[in-house]
Amino acid sequence: MSAVVAQSLHVFGLRSHVANNIFYFDEQIIIFPSGNYCVKYNVDQKWQKFIPGMVCATCNPIIPTPRMSAGAPDSHQALPQLTPPEKETSQLFWTSPSLHLAVEKGIIGWFLAHAVTASFLLPSRMHLLEIVSVYRVCCFFVSSLIEFPPVSSPLPSYEQMVAASSHSQMSMPQVFAIAAYSKGFACSAGPGRVLLFEKMEEKDVYRESREIRLPVDPQSNDPSQSDKQDILCLCFSPSEETLVASTSKNQLYSITMSLTEISKGEAAHFEYLMYPLHSASITGLATCIRKPLIATCSLDRSVRIWNYETNTLELYKEYQEEAYSISLHPSGHFVVVGFADKLRLMNLLIDDIRSFKEYSVRGSRECSFSNGGHLFAAVNGNVIHIYTTTNLENILSLKGHTGKIRSVVWNADDSKLISGGTDGAVYEWNLSTGKRETECVLKSCSYHCVTISPDAKIIFAVGTDYTLKEIADSSILREIPAFDVIYTAIAISHSGRMMFVGTSVGTIRAMRYPLPLQKEFNEYQAHAGPVTKMLLTFDDQFLLTTAEDGCLFTWKVFDKDGRGIKREREVGFAEEVLVTKTDMEEKAQVMLELKTRVEELKMENEYQLRLKDMNYSEKIKELTDKFLQEMESLKTKNQVLRTEKEKQDVSHHEHIEELLDKQSRELQDLESCNNQKLLLEYEKYQELQLKSQRMQEEYEKQLRDNDETKSQALEELTEFYEAKLQEKTTLLEEVLTGSHAVPPFHRERNLYLMGETFSSLQKEIEERTNDIETLKGEQVKLQGVIKSLEKDIQGFKREIQERDETIQDKEKRIYDLKKKNQELGKFKFVLDYKIKELKKQIEPRENEIRVMKEQIQENDPWPQRVEIHSHSLTKWVRKVLLGGTLRQMEAELEHFHKQNTQLELNITELWQKLRATDQEMRRERQKERDLEALVKRFKTDLHNCVAYIQEPRLLKEKVRGLFEKYVQRADMVEIAGLNTDLQQEYSRQREHLERNLATLKKKVVKEGELHRADYVRIMQENVSLITEINELRRELKFTRSQVYDLEAALKLTKKVRPQEVSETEPSKDMPSTAPTMRLNEQEETGRIIEMQRLEIQRLRDQIQEQEQVTGFHALTGVRLPSLSNSEADFEVKTN
């Protein structure tokens, strides 16, 4: 693999024809296709990340739902298969309850909806179909909602629905996108228009709520049509705060939903999500040295200037003609663009791209500034024109190519120019002599792009022969295969260490230089179409590529081996911009107007301030009177409140005393009651404890007696039965030992006795066992009684413990009440102390208030102010002190002092202003009187001059005297200077208009000659075509006559021939022949006629295409006759 690596940084473009081409990854990141990548774009931070891989333009989306997904039903429930009836599905989404699936088509299509309960397939021109129930369907027709009949009404048939929808076929706008959100859905409704629909609360229908439109682009060549774009996709953000839309012109728009709610009365407008993008194939690419700028031109008739450092669009302008090539001056201030009609040299201003020189070079497919910027080359067919940027003249024309030139490149010192074209020739031109130095011609290859090594020794060329060629000294050194692709572009770094090529499938290949013989390169799938242009920036840091998909990619390039690719910049990028003198003058004029406006506003504001001061002074006087009245009312109110407070204090003290007495009585009652309860509980506790002890002793004694009797009885029984068993065993032994001497009847008797003995013993054993069982039962009963008694003991203990806890709680409550009583006593003592302190503080406050009262009476400007009685004031102050409002009254008093001081200052200021106004008025009146006296003197002198009306010489002297007496020298100088400036400006404008008129006349004459030549040529072509058509008609007529003759001869038809070809009628006596004998000739004639008809249609299409070309005019006096009548006659006769 190659050590040269390219990493994608940013892309300027969008693939709009990918289905559902916008998706929100999260609230800030959206995903959209560009080239052959999926791009993650952060809307806030403006960064991009790339997801490599092929983007399928016909892929169907998978829309998730809580229970199932479109195309993948839930595994627990099998749903019927949904098959669209025709064509491909453009939109697929679930309705808000996730129970219905809607399929959206174009204006001519079908709509399919499926619910859990039923499915419908309706042929209609609907744009949205939602199934509400089995018998109820709502259809959305862009601006209205039509509800089908309910259950009681019969459903319409297939033919009725088709007939009902056919009459509105032409009026329906085309819908391309639908997006659902929580309140309803949004859909596109024609070019540049989106409608929002919300669900109505009272019924299951939707109504139009708002309208959103695309904005008008002022930079477009036709702003009225710039917003007429088809909206192909809509997408809401996860929080539904933002709506993003993509259009058919590769543009991305967004709008905040809160703005749509604000502008309910009128339509809201989208904004560009990033910046305006190219909507067609990019044909030109250029960059400069002094600025981080990229210039592109496209078949969408626009020129755009990008900044690859900030990834923004700097300038953008659309034109009337298509742009085929572009080149940036190394300084970044000028650009040359090859349009379909002319070659234009333009300035890059701060906010505009303005042309200042035009050349009559049509359809220049390649242009390039030299590395020094003093020259630029432009291709015109198979000729290269060299222009200088100093005097803007054509200094050289390089001729030699026989085919169209596709690529030109300068060497490092601008002494040579290399060109390659479709004729298979690569020439190296010497610009000092204007002749070719080297040439390499290969007729079998059509070259797309050429470049030259930094040392100007080797030329690299790529073309249609699937190879990359190294050319030196007019010969091909070697050819590197392209491995089954066509190279369309090539670029080499300024360091000469790495090379990049673009292919016809949109891939980028990075390889080292010198080029390896084997397949050693890194290939990147970047674009979705053939690469058109490719170049490296001056510092070899970035690679720029464009393609026919309208996308511009920027790549970061570096070498893994670190072989010095990076070139350090000694000087940073320039920040200067161009501004015209007229713009500066306009801005200066605007600034001057704004200054005058500021002065006017200042004077107006001063006048308004004076009026406001007067109004405020009146209002202050009114407020002062009002406040005095309120103060009096407040004083009376305070007096009333004081008396009420005293009454409330007395009642409060009485209530507190009653509460304290009641509390003490309750405490005593509680103590006595609790003591009695404690004594009773304690006595009960002692009795229960003694009782439990006695019962425990009795039960223990009974248990001991029972155990002793049980053990004694058991021992006695054991001894008894053991003795008895011993006797029986001895007797048995004796019987057994003496059995041989006992007679048989004794033996039987002994056996009988033994059996009885054993049976009696067995009965006794059983009885004793029963006795033991009864004793065990009694023991169990006694143990149960013991356990129940123990439970009673435990219950009594718990009850005793609960009584103890209750007694402790009562004691704690008594203690808390005592403590609270002590705290209340302390609080009472503190309140008494505070009351004493406040009373002590009242006396000095009374003195201060008395002094302030005297000061107020001395400084009071209003004699009608009511005096305040000292006794009531003292009581009022005491009331304020007791209520905690003395500070507020002091603040009000201080505020009134400040108001008085401020009023005195305002009065002083108003007096000063009044004096200044009087002085100014006196000055103006004096000036007016002086001017009136001057006018009177002038009238008198003028009347005296009129007396010399019959004597011109004396009249002239008198007028001159008047002029010298009444006109100042300064006024004359100013008037003279003004007249001179006006005269110069008038002459300059007149010269400019005359020059423009002369150039326009020349253009009109030249364009008239061109149009006249085109008109003559088209006229000749039309005449020749008409002649050929007439010949074909004659041949057709002759052929038809032959066919009729043959049919008449063979009696295939009895119809009469037309008068134009009437001849002798066939004989009726001729035997009839089967029509199958001439079947082959009839088919051949029909085929010939059909071929001639297709040829005529093709010629008509060519004529229409030539009429639509810019600069060509249709012939108004020539009209091709129609063949419909003759063809119809022929069909009738042949049938």
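All residue numbers here begin at 1 and follow the chain in the order shown.
Yeah, the Cβs are placed from backbone N, Cα and C, and that goes for glycine too.
According to TrEMBL, the feature coiled coil maps to 653-716 (among others).
Feature annotation from TrEMBL assigns coiled coil to 758-855 (among others).
According to TrEMBL, the feature coiled coil maps to 886-934 (among others). Summarised as a single figure, the pLDDT of the coiled coil (886-934) averages 83.
Annotated coiled coil per TrEMBL: 983-1049 (among others), in sequence order.
Residues or ranges marked as domain 'EML-like second beta-propeller' in TrEMBL: 283-557.
Note: the repeat 'WD' (275-316) comprises 0 helix, 23 strand, 19 coil (DSSP; helix = H, G, I, strand = E, B). Positions annotated as repeat 'WD' by TrEMBL: 275-316 (among others).
If you look up TrEMBL, you'll see 398-439 (among others) marked as repeat 'WD'. Sequence-distant contacts of the repeat 'WD' (398-439) (same chain, six or more residues past either end, CB-CB distance under 8 Å): 365-366, 368, 370-372, 374-375, 377, 379, 381-386, 445-452, 454-456, 459, 461, 463, 471, 473-474.
Annotation source TrEMBL lists repeat 'WD' at 524-557 (among others). The DSSP breakdown of the repeat 'WD' (524-557) into helical (H, G, I), extended (E, B) and coil residues amounts to 0 helix, 20 strand, 14 coil.
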Query raised in the report: Counting only residues 6+ away from its ends, which parts of the chain sit with a Cβ under 8 Å from the repeat 'WD' (524-557)?
Result: 4-15, 34-37, 52-55, 250, 277-289, 292, 294, 296, 298, 300, 306, 308, 311, 449, 488-495, 498, 500-510, 565-569
**Report entry** DSSP-assigned states of the repeat 'WD' (398-439) in counts, ordered helix, strand, coil
**Finding:** 0 helix, 25 strand, 17 coil
